[in-house]
Each structure stands twice: as structure tokens, then as C-alpha cells.
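Single-structure report; data block below.
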């Protein structure tokens, strides 16, 4: 009996051991800021040091850096916490992001098992995510993606458990990491509509009352309060950092050469006004950003993994180390027919749980079609956990047909092989220059 239990636990143990290893091994490499860490991790360090400029949007940063005010503060607070524990350095500012990356795998396992009552599906979904390269990259960098995805998946877990207060709390934490979490509202709406349709007709009126009165509190007010609370550390900053910008004669704070605004004092209300202004600036930034970047990509190209993002390069004698935000081709490319099959299966044989997963996939991808701002492949990342579940759904179907097990095992081995092959390319592991050239399968990958 004990041996059977151990054998049953072994696949889970192996998956999470590999997840821990791939997220934490050489986490402090590169031993410097790279890509958007010059914004996120730098600002987190300044928050830890008590620099009020880290909370504002108008300050001039040191050369080569920028204060990151284009996203809410929670992810940066976690990075600051990591540096408080482990010291100011790469391991500190990356630690909690890597931990969130591990948590994502665990939550996908639980969500899949809960939705489909299939341990096999749960294992396959978490397996695919463990070996998904883009998720590994974003879990190992001081940015906010891993945090927001972890919290949104946790909120969905509590949604399925009908623990709506906790759903709202973790939605708020996700929003306080990245506004993209707002797209989860489509999933919540679908879930509540399904709950309504499942009720006997005599109970539907009462359910509608709850939807009108109670649910706005759980899914609106609670997340809003949690979001605001993440700005609490700013209110304990002694100097709001405005003094150097004040013209003492006119009592005007100069934000830019061509833009000024008055300020009366530095009390609680003024800090609240700064929080409001920062969030206004966030909105304007994300709705008006028209900059270009050599590694930008359009939303409809993301499932094809056509344009990875170049993050880092380092030379080590005759070897080279690089980090490219690139999806595992074996997962991305197989995901395209899997999603098509999932939609076909949903139409032919409606299944709410499959529909919920497909809704999650599309909810975090399709809204980017309306975004006017510059976009990158990593914006597709929150759809990938749902893509892994859809792939697992197809693989489970295939598992039951003749010779299906051979095909499934063969595919999973291909996923591992592709991941191992590309791992140096996404984790700054030095390789010979000639071998490094073999990574650029497509000209658009350079």
C-alpha cells in the first residue's frame, strides 16, 4: 500500500522538483540588471531604500535606468522584500518571481484536476508548463508577469470553490501587479452565468439579487480596496520627494519643463492625490504608447512563436550566453491545432469546463487586438497556462485511442528534448558560438 502511494506521488514529485530546479538554478545569472529589470528591479531597490521617487512618475533617474511607474507596485514590493531577505542583488529581486513561477505549475495542476476530475490531465498540463520556455524566462526575471499570473490563477481556484471573498482578494493582488488581470472578469462572468443557468427556476431570482448586490462587493469593491492597500508603504515615506522640484517663490511643483502643477502640502490627502495621478499616468501610458521596438510583435503572431524578445547577451571566451524570451516550439505550435480542436469539441459537445478554459485562453489574448500600445511575445504569457490545459485535454483524448499512448509519450518526450535544447538560449547558459547559431530556426528569431 505504501509503495503504491509513493508510486502515485512520484510523477508529481518529479514535476515539481524539475520546476524548482529550472526556476532557481543559477537564478542570480546574469549577475546584473537586464532587459526591463532596469525599470522594475531598480525601482524595487529604490523602494527598499526609502526613495520616494520610486513611487512617482516625474523624476529623472540615473543614467541607464528608469523609475517604473507604468504598473502598480505589488510585484516591485515583492522584489524589495526579496532583497530585504537575501540582500540587494539579482537573487533577491528574482526570488519571489521564481517562487510564483513554481506556484503557477502547482495551481494549474490543482485547477485542471478540479475542472476535469482527471489526475492524468492535471499531470500533463503541469508537465507541459514545467517545460514551457517562455514561462521559465519570465519566472527568472525581475518583472511582474509571474506575480500577476500566480494571483489570477489563485483567484480562479477560489472562484471554482465559490469562496468569493478570497476570489476578490486575489483578483485585487493580481491587479496590483498588472492591470492585464482585469481580463479575468470575462471568466468570472461566464462562471456566474453558468451558475445562474444551473439553478432551478425558483432560485434564479434570489441568485440575480445576489449578483446585483453581493457580487459587485466581492469582484469590485474588495479588489479595489486591496489594490489601494498595496500603496500603503508610500504613505510611510517621510519625504514625498517633491522638495527639489518646488519653485519656492510660486509654490509650483515642476513635473516637466512644459508642465507644472500646484501643491499645497505633503499630508495624507496629497499623497493620495499622487497615487491617483500615478494611476492616471499608467492609463495614459498604456493607451497612448506609440513607441517602436526592434523585437515588438503583433498579437496574432504570438501563437506561432514568430518573434521572441532578445533580453541579454554575455561573452565568455569562445562561448556566448544569451536570454531570449522564446516559447517552447513543441508547446506553442502544437497548441494551435489543440485550440482549434477544443473549439470544435465545444461546439459539437458542449462542456462548461472546457469552455471556461478556452475562455481563459482567449480572454487574456484577444483583447490585445484592440490595444494601441507596443506589444511583445511575453504579453501572450497569461494565456499559456490555459493553453497547457487545452493541450492536456487533447492528449487525454488521444491517450484512449489505439496507439495513442505511444503518440502522447512521444510528444511529451519531444517537449522535453526541445526544452533541454533551448534551455541555454533562455537561461544564459554559455555555449559555443557555432552551437548558439543553431537556435535561430527562423530568421525572425534573430
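Each residue, glycine too, has its Cβ placed from N, Cα and C.
The annotation domain 'ArnT-like N-terminal' is assigned in TrEMBL to 91-233. Across the domain 'ArnT-like N-terminal' (91-233), DSSP classifies residues as 123 helix, 0 strand, 20 coil.
Annotation comment: TrEMBL describes 275-445 as domain 'Protein O-mannosyl-transferase C-terminal four TM'.
According to TrEMBL, the feature transmembrane segment maps to 6-25 (among others).
As annotated by TrEMBL, transmembrane segment applies to 91-112 (among others). Beyond the ends of the transmembrane segment (91-112), by six or more residues, the same chain brings 12, 15-16, 19-20, 23-24, 27-28, 37, 41, 44-45, 75, 78-85, 118, 121-123, 125-126, 129-130, 135-136, 138-143, 146-147, 149-150, 153-154, 156-157, 160, 385, 388-389, 392 to within a C-beta distance below 8 angstroms of the stretch.
Summarising the annotation, TrEMBL assigns transmembrane segment to 144-160 (among others).
Annotated transmembrane segment per TrEMBL: 166-191 (among others), in sequence order.
What TrEMBL lists as transmembrane segment is 212-230 (among others). Remote same-chain residues near the transmembrane segment (212-230) are listed as 72-74, 77, 164-165, 167-169, 171-173, 175-176, 185, 188, 192, 275 (criterion: CB distance under 8 Å, separation of at least six residues from the stretch ends).
Per TrEMBL, transmembrane segment is recorded for 330-347 (among others).
Annotation source TrEMBL lists transmembrane segment at 354-370 (among others). Here the transmembrane segment (354-370) has Cβ contacts under 8 Å with residues 115, 156, 180, 183-184, 186-187, 190-191, 194, 299-300, 302, 339, 342-343, 345-346, 379-380, 382-383, 385-387, 389-390, 393 of the same chain, all six or more residues outside its ends.
Among residues of the same chain six or more beyond the transmembrane segment (376-394), those with a C-beta under 8 A of the stretch's C-beta atoms are 104, 108, 111-112, 115-116, 121-122, 124-126, 128-129, 132, 134-135, 137-138, 145, 148-149, 152-153, 180, 183, 293, 295-297, 299, 302-303, 305, 307-309, 325-327, 331, 334-335, 338-339, 341-342, 354, 357-358, 360-362, 364-365, 368. Per TrEMBL, transmembrane segment is recorded for 376-394 (among others).
What TrEMBL records for 406-423 (among others) is transmembrane segment. Taking Cβ pairs closer than 8 Å, the transmembrane segment (406-423) reaches residues 22, 124, 127-128, 131-133, 136, 326, 328-331, 334, 395, 398-399, 429, 439 in its own chain, all 6 or more past its ends.
When Cβ-Cβ distances below 8 Å are used as the criterion, the transmembrane segment (6-25) is approached by residues 98-99, 101-102, 105-106, 109, 123, 126-127, 130-131, 136, 139-140, 423, 427 of the same chain, each at least six residues removed from its ends.
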